[in-house]
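*Asks:* So that we are looking at the same thing, I have put the structure below in structure tokens.
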Amino acid sequence: MAKIVRFGVSIEEDLLENFDKIIEDKGYNSRSEAIRDLIRDYIIKEKWNLKKEKVAGSISLIYEHDVYGLSEKLTDIQHHYHDVIISTLHVHLDEKNCMEVILVRGKVEKIKRLYDELSSLKWVRHTNIAITDII
């Protein structure tokens, strides 16, 4: 485990009160835990913006399965990015809609291109990405 370093933060009283309420509602044991999570999230977002670091995560999308050629297009795109795709999960949500969850690991730039290609397809109703740092 990494060495813990103590440091001080100056903050407006009302901002701190709001923060304390949120961390209590979420069940954090301390402000330090919550601040560490916020810093980790910020670092991951910056890595995403810089497009240089390696990350892991998931891309989820919802689409209509009966649209001619869409399933094949999704498969073709995934084969093009086989080097960053770890695994996929396909779920039939109802008679019309499917959900695909794609687990990814690799350079941010390539994962972002995969996400953008999937998001831009017509009849893909919703896409979402969740990433984390590879420690």
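Cβ from N, Cα, C; glycine included.
Note that the structure is a prediction, hence the values are computed from the model and not measured.
According to Swiss-Prot, the feature Ni(2+) binding site maps to His79, His90, His92, Cys98, an assignment based on sequence analysis.
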*Asks:* Which of these binding-site residues has the least crowded Cβ, counting other Cβ atoms within 10 Å: His79, His90, Cys98?
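*Replies:* Fewest other Cβ atoms within 10 Å, among the binding-site residues His79, His90, Cys98, is found for His79.
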*Asks:* When you measure from the Cβ of His92 (Ni(2+) binding site), how many other Cβ atoms are you left with inside 10 Å?
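*Replies:* Result for His92 (Ni(2+) binding site): 10 other Cβ atoms within 10 Å.
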*Asks:* For His79 (Ni(2+) binding site), just give me the three-state DSSP call.
*Replies:* helix
